[in-house]
Amino acid sequence: MRYIRLCIISLLATLPLAVHASPQPLEQIKQSESQLSGRVGMIEMDLASGRTLTAWRADERFPMMSTFKVVLCGAVLARVDAGDEQLERKIHYRQQDLVDYSPVSEKHLADGMTVGELCAAAITMSDNSAANLLLATVGGPAGLTAFLRQIGDNVTRLDRWETELNEALPGDARDTTTPASMAATLRKLLTSQRLSARSQRQLLQWMVDDRVAGPLIRSVLPAGWFIADKTGASERGARGIVALLGPNNKAERIVVIYLRDTPASMAERNQQIAGIGAALIEHWQR
């Protein structure tokens with residue numbers, strides 16, 4: 001019997017801590033779900049190893065909303081690396097090409113924008129028309145989904161254009177991902193050979209320059225910490241963020257948080273995501 005116990009202990013000692021987490025971050029998530037009367041999906045992943053550090057509903061589907069724009073620009077950069085696209089190429093468009101919330105692209109109807117400028121607008125300002133113009137260059141929603149399949153993401157799917165993709169109907173699988181799939185895809189884009197080192201740096205810099213994520217994790221970030229992120233929002237009870245975080249101004253972990261099916265206001269959704277981020281950071285610093 002003593003031999004059996006020793007074998008069990010030895011076996012347990014070798015098991016990976018793939019989904020282990022302290023109660024504190026998970027307790028905050030449970031509280032957020034209760035206060036939001038909705039669902040929260042979250043994953044915290046080590047950037048270097050891909051190991052999952054914390055997870056909650058990580059394999060459930062959530063609307064991507066504008067977080068898809070990071071993957072979109074990753075697909076654009078893959079085309080640049082392949083010689084099929086140039087960041088300096090100018091794209092011209094018309095008034096009828098503009099959709100709601102296009103704070104950058106609406107100012108350049110006369111002169112157009114380069115592919116690189118459109119990516120910057122899509123990520124840093126979440127410009128919807130910029131995203132649609134870029135989406136057209138990769139073959140539309142079906143083309144972006146095909147890119148995801150090519151890099152090994154068999155879960156994430158884009159079905160519609162801006163702004164319909166933000167509809168976030170309960171139970172609708174269109175335009176969704178899972179926290180685990182989004183984190184794994186982001187890690188592939190930023191650390192594997194899917195993109196050149198130059199394109200990886202460019203994608204990360206666009207996320208660093210995000211100007212519309214202030215009320216979320218950036219609001220609780222300690223001094224000297226690194227963050228690069230992209231948010232998403234829907235009028236129908238959803239919110240999300242994909243981020244890279246780390247102390248000493250270094251990206252060390254990927255954090256993906258999605259909310260759905262909540263009647264809470266946008267301010268409350270922001271507050272809850274910030275609270276989850278704060279709990280993760282506090283646990284990290286222990």
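If you go along the chain as it appears here, the first residue is 1 and each next one adds 1.
Any Cβ shown, glycine's included, is placed from N, Cα and C.
Residues or ranges marked as signal peptide in Swiss-Prot: 1-21.
According to Swiss-Prot, the feature active site, acyl-ester intermediate maps to S66. DSSP classifies S66 (active site, acyl-ester intermediate) as helix under the three-state reduction.
In the three-state DSSP scheme, C73 (disulfide bond) is classed as helix. If you look up Swiss-Prot, you'll see C73-C119 marked as disulfide bond.
Residues or ranges marked as active site, proton acceptor in Swiss-Prot (evidence: similarity to another entry): E164. According to DSSP, E164 (active site, proton acceptor) sits within a helical segment.
Listed in sequence order, S66, T67, K69, V70, I123, S126, M207, D210, A213, I241, V242, A243 are the same-chain residues six or more apart from K230 (substrate binding site) with CB atoms under 8 A from its CB. For K230, T231, G232, the entry in Swiss-Prot reads substrate binding site.
Surrounding the centroid of the Cβ atoms of K230, T231, G232, where the record places substrate, the chain contributes additional residues within 8 Å, namely M65, S66, T67, K69, V70, S126, D210, V212, A213, D229, A233, G240, I241, V242. All protein chains considered, the CB of E164 (active site, proton acceptor) has 12 other CB atoms within 10 Å.
If you take the C-beta of G232 (substrate binding site) and look for same-chain residues 6 or more apart in sequence within under 8 angstroms, you find P63, M64, M65, S66, T67, F68, S126, N166, A238, R239, G240, I241.
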